[in-house]
Structures are given as structure tokens and as C-alpha cells.
Amino acid sequence: MTPGEVRRLYFIIRTFLSYGLDELIPKMRITLPLRLWRYSLFWMPNRHKDKLLGERLRLALQELGPVWIKFGQMLSTRRDLFPPHIADQLALLQDKVAPFDGKLAKQQIEAAMGGLPVEAWFDDFEIKPLASASIAQVHTARLKSNGKEVVIKVIRPDILPVIKADLKLIYRLARWVPRLLPDGRRLRPTEVVREYEKTLIDELNLLRESANAIQLRRNFEDSPMLYIPEVYPDYCSEGMMVMERIYGIPVSDVAALEKNGTNMKLLAERGVQVFFTQVFRDSFFHADMHPGNIFVSYEHPENPKYIGIDCGIVGSLNKEDKRYLAENFIAFFNRDYRKVAELHVDSGWVPPDTNVEEFEFAIRTVCEPIFEKPLAEISFGHVLLNLFNTARRFNMEVQPQLVLLQKTLLYVEGVGRQLYPQLDLWKTAKPFLESWIKDQVGIPALVRAFKEKAPFWVEKMPELPELVYDSLRQGKYLQHSVDKIARELQSNHVRQGQSRYFLGIGATLVLSGTFLLVSRPEWGLMPGWLMAGGLIAWFVGWRKTR
């Protein structure tokens, strides 16, 4: 370790101990040296004994800085790792830090714009930041070219070395978890950190965020539900992003929304509709929809529209994941736990050899008590959470896209019920889910699939005669080979008459599999199965000749 890493590690240890987080060290024989070492650091007592463990953990992470704050935010969505009282505290972590010097931001902007002064591109540049977070901060200005108000987002200087150093330490801690906790291996701590690292590094590239914002804006162009500010790509780079400045009411300011005459029920329902539209229609969803990133337009309060910013984190689901997710929700609310278990196996979320009966019983045990509440009070996010936590006991692999989805759904629900406590998520979402599933089957779906594949077949059509000729020629050669092998087998004197049958079948299957492997690679595993069956049959025939 470098001297800098040693100093940072000392600061982390001192911070953890000053908040009494040594309580998290399990009392096991393997941890005895660690606990004895802690007792030797008697001059670092717990200075916050009046606070509960969850709050102390949150405060410690806030003190350690941006990397640890964001790590805590991510861990708050993994409630299989922590009990609820700790996970709830982690969810309160705020990504707010002191701004860096505006002059440094100005220098970075000038460097990104080819060394020209800020005044060459922008008017009214405000040296004082409008907002500041752990990764970047925002300044206001006007475009010189058209006079439009914009915000300029700038990455914090020299943050990458800090992030890499802290991530290295977090990886080391993660490698200790399987040794210290009996259930540590199942929790896959290294995968959790790797997932976090990818998310964090992605946030450092503002070109990625620019592309995400442009895509979301295109998806909701002319939509009455959501507005994404315009991005000006000519001014964007990895370390800087320029987009339209928006004016709106923070979605968390319920009093201001009510004062503006906002239709709160419609606003809450539209939040749910926006989320499910992103997931199921677009397969591309804003995955950081906490209240700080959502505003409501001042205009048309009777027909309210959301404004979304900060598109650094997005998620996507493939067609299979979307179908299984929609069917899971519907099966759950129909209390069809057998269907839920089968869907998890069919989707590949749990291993194929999972005992479906045991899995169904586990899901029923965890989920049935949820229905003690009125349907309107049931949380979609917690439904997913319970299902995933149960599935992890059956070796469910970590699904990063589903973790993002569940976190976002919790945000959407929290905002919706803050706006309108009587919000019935199931009533709002059920028609959408049923309509989407219906749209995936039947004649319209077949027509759509044909349209998607039509260009491929049009391209291949001129090659069809040649492909047919090649197939017939290879088929004739195959038949000749099979006949030759069969004649050779018949000439042999075998002790058991059945051996010829097995050897012939084996040869046919092997050659058929070889032929298909060469001429029809798109058939997937079928040639392999034919060849494997042929080898087995051949082996049986050979055994019968002995």
C-alpha cells in the first residue's frame, strides 16, 4: 500500500470506530484477532453511543465522502444484506457535498472547449454553482449562439484517483466478508462492489449521460407526462455537459405543488405510468428517480407534467425479462405462487434444478402475509424485494438490471404516496401490464415479428436457390455415406443381432449432426444432441459385439 492509501485506511478505521461500527464484527473464532486489535485502540472510543446502529452507519458513510455515500445508497436497495432498520437509514443518505471552487470549474470548461475563454461560448456565466454533488457540480449560463439559458455540469477535478483508491479498499473489505460471515459467500460481496464500480465509473463520463438524456427525451417527445431538458451535444465532452435550464417545483415540495393548484392524484398516477412506460414500452428507464432529480412544471397544474434531470444511471430489460416481470406481478397479485416459482425457473433467474415445490412454499411463506394489508397499500417495490430475497436463498444470481429496477420502483412508489397517500399502484399498473402482455401474443405480435425479420429474409432470398442446392447435394452425400457404413456393418459377423441396429442408428445420428452443424448452424444445440445420441448408440452397439 502507498503512504496515501495507508493514511486513507487509517481515516476510515478511525471513522468507523468513532461511530461504534465494530459492533458489525461477528463474534466468531476467526474474528478474535480483529476484536482484540479493536480493544487495543482504546483511544478511539464510540463517540455516538446515543444513536442507533443504522444511524451511526449512515453518519459514518457521510463523513467518509462521495464514494462511500453512493455505496451506501446502493446497499440500501440490497435488503438481503442488512436488516430493515439499517437499510432504511442507508436510504436516507444524501448525495450533497460542499462545492469546489468555481474558478476551477471555469478552467475545466475552458479546457474542454479547446482552451478558449468561457466568454467565447457563454454569456452570463455564474461562477457560483447552482448545485453541487459528489461527482459533479452545476453552473448556469446563456448560450452565446442563441441566448438560451443553460446549465453546465462539470466533473469534480481529480476525483478519479480518490474513487479508485476507495474502491480498492472496498474490494479488500468485500473479500473478507465470506470469511467472516457464515452466509457471506451467498451474498456475493465482490459482485456487489463490481456492480457499484461500473455504475460509478459510468457516472464519470458525461457523454454517456448526454446520450441517455437524448434517448429519454426522444422517447417522451410531445408526451403530456414527462419532459426531459434538451441537451446540446456540440458542447458536451466526457468531463462537461450542457443542457437546457428548466424551472419547476421540486416533487418533494408538496406544499408548493398544492399552492400551485396541482392535481395531486393525477400527478401520482402519472409517475407510475411514466415508470412502466419506460420499462415495458421503451426498455430504457431512468434508474435514479429520487426526489432530487424530479420536478413538476408550473404550467397546466390541472394536467401536471414531470421534468426529469440527471440521467447518469439508466437501466434496460430485454424482452424475456419484461415478460417474466409482468407475468410475475400478475401471478403474485392473483396469489398464484406456483406460477411465480415456475417463472423464476423458466427465466433462468434461479438454477434449472431448483425444487419448484420448495420454492413455491418459500414464496408463499414470505408473500402471503403481505395480503393482510389492503391491496392499495401493497408496495410493488417490496413485493419484488421479497421475491428476490427468497430467490437468493435458492441461489438466484445477482441480476443488476433487476436491482436497478427494484430501487427505481421504490423511489417511484415513495414519491407517489408522498404526493397522494391513497395512490393504488396495482389499480394504476394492472391495466398497463395486462395490455402489454396481451400485445405480446396473438396475430398482432406475429405480424410485428414478421416485420422485424422481413429485412433479413429479403436479404437472404437471392441466396436461397444456392442454399437449397447445397443442402440437397450434401443430403445425397450423407445418404451415400450412411448406406456405405450400413453395408460395412452388415458384412461384419457380430454375436448379437441388435448391434447392427445400434451402430447404424449411431452412424446416422453422428453424420446427421455433422451435416446440420455445417449447413444449419442456426439450429443451435440440435446438431450437438444428435451427435451425442449417435455416440451413445454407437457405444451400445460396440458393447454388444464383445
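Any Cβ shown, glycine's included, is placed from N, Cα and C.
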Say Swiss-Prot lists Leu130, Ala131, Ser132, Ala133, Ser134, Ile135, Ala136, Gln137, Val138 as binding ATP: which of Lys144, Lys148, Lys153 is in the same site, per that record?
Lys153
If you count other Cβ atoms within 10 Å of each one's Cβ, which of the binding-site residues Leu130, Ala136, Val138 has the most?
Ala136
What does DSSP say about Asp288 (active site, proton acceptor): helix, strand or coil?
coil
Drop a 10 Å sphere on every Cβ of the binding-site residues Ser132, Ser134 and tell me which sphere holds the fewest other Cβ atoms.
Ser132
Cβ within 8 Å of the mean position of the Cβ atoms of Leu130, Ala131, Ser132, Ala133, Ser134, Ile135, Ala136, Gln137, Val138, Lys153: remaining residues of the chain near ATP:
Pro99, Pro129, Val154
